[in-house]
Amino acid sequence: MTSRPQRHPLAFWFVTARPWEALVTPKEGVVGIKRRVLMPNPRLLLSRVGFFSNPGLLPWYTAKPPDFSQSFLGRAHEGNFTGVIVKKHPRQQKYQKKQRHFRSLHDSWQERLADVVTPLWRLSYEEQLKVKFEAQKKILRRLESYLQVLHGVRGTVAAPHSEGLHCHLHPIIPSPVVNGYRNKSTFSVNQGPDGNPKTVGYYLGTWRGGHWRELTVRTNSQGHTMAIITFHPQGLSQEELCAQKVTLKDFFTQGPGAVCELTSLYFQESTMTRCSHQQSPYQLLFGEPHIFEDLLGLKIRISPDAFFQINTAGAELLYQTIGELSGVNSNTILLDICCGTGVIGLSLAQRASQVLGIELVEQAVDDARWTAAFNGVTNCEFHAGRAEKILPQLLKAQKDEKLTVAVVNPARAGLHRQVVQAIRNCKAIHTLVFVSCKPHGESMRNFIELCCPPNSAKKLLGEPFVLRQAVPVDLFPHTPHCELVLLFTR
């Protein structure tokens, strides 16, 4: 028999976790990591929730660990929650073993939990940057070694430069904001340590139950807040679903949640862990349909489904780096592939003769078009759809007549092979800037196919690219992750 939600499903949330208040104050912001566990600022969460009246209960109030918290703090107990983490995430055990020299047997469960979700928190930020720089250098060495052993690879590796590499590896660019840098966080609605199925927080695992699934919060520098709640309808009728939406809206407009002063509240019915707007539309329960951000002199519109870098201040440095490496000028066309809300192309539009953007998410493309019109940018075109379908058509229309610079910023899965083929086989593309948040993953295959000798079997017929420069940009303090910007030319 399908379980039914209680009459007031959010009341317990507010009593137990009250995450909404923790997420909406612009002065504090949101901080977190990219490993399925995302965090609000702890001072705001715990002081306003009132879990602890004694700040000494939190180790980082005195020891300066990262800006980290979880709604489970008031419910979990020593030894219980940490044990669940290790059990459900065996891949983390290797990393934890490597980090044992940082710990003592007397570490609190909060500290051990922090070791899992923000692995670098015990290091100073300067030390974190050193760790990340060495990791990127190791990735680049592996890439160059692959290219050097490929038959006929001569000419696809630059002359020796520095750091034991043939490409020029620049120093890592630090994040301007170390704590409280996130503008977006996703929270699980799941069974908490006390067994309550409607706990809002950071669930480490894959268990799913009940109707309420996730809460995503987006903020901007002006203090506006968009909340998106994901709900699994299960066996509910349309009448019952409507009742849940009314209850949710009332909670945030007339009830205790009104203190959050949300700019907008969205509701999404989803039977999957991740669901796009096309698969199941975001329903605006109240407020404005978008939030806006100021970036590089542009006013950017952001929809609930659109990609936007989670570290706004760091994103400005990232995009400036891309612009410097690209060498875009009035004689070139800029291809912005996987463009999201179009910020990269729009920020470089004044330098280029034309900008052509491609993005899978239709709402993000609508945002990019709105942003172009609002900011008076007239030489940009944005196309919605799969890059592997659209890019070959755009390149064919150009007829290799004008020099083209391509910028790609794919998700962790990297570029589709047909996109790599299209770039590789287009004679007009002499410069490629590749931005990767996971260069050791599928993107490594992309790098190799861009630089390997011509291969008719793989439809890689064009002249190979040469990796010239690499710039690590840290957008994710306290975690091992950073963006790696690579410049390829031919």
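Including glycine, each Cβ sits where the backbone N, Cα and C put it.
These features come from TrEMBL:
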type	residues	note
BINDING	Q309, E359, N409	S-adenosyl-L-methionine binding site
DOMAIN	329-441	domain 'Methyltransferase'
ACT_SITE	C437	active site, nucleophile
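All features noted in TrEMBL, drawn onto the structure.
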{"residue": "Q309", "record": "S-adenosyl-L-methionine binding site", "Cβ neighbours (10 Å)": "22"}
{"residue": "E359", "record": "S-adenosyl-L-methionine binding site", "Cβ neighbours (10 Å)": "27"}
{"residue": "N409", "record": "S-adenosyl-L-methionine binding site", "Cβ neighbours (10 Å)": "23"}
{"residue": "C437", "record": "active site, nucleophile", "Cβ neighbours (10 Å)": "18"}
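The residue listed as 'active site, nucleophile' and N409 (S-adenosyl-L-methionine binding site) are 9 Å apart (CA-CA, integer value). Here the residue listed as 'active site, nucleophile' is positioned 17 angstrom away from E359 (S-adenosyl-L-methionine binding site), judged by their C-alpha atoms. Calculated from their C-alpha atoms, the gap between Q309 (S-adenosyl-L-methionine binding site) and the residue listed as 'active site, nucleophile' amounts to 11 Å.
Taking the centroid of the Cβ atoms of Q309, E359, N409 as the S-adenosyl-L-methionine site, the other same-chain residues with Cβ within 8 Å of it are F307, F308, C338, C339, G340, T341, V343, I344.
Max Cα-Cα distance over the annotated S-adenosyl-L-methionine binders (Q309, E359, N409) is 15 Å.
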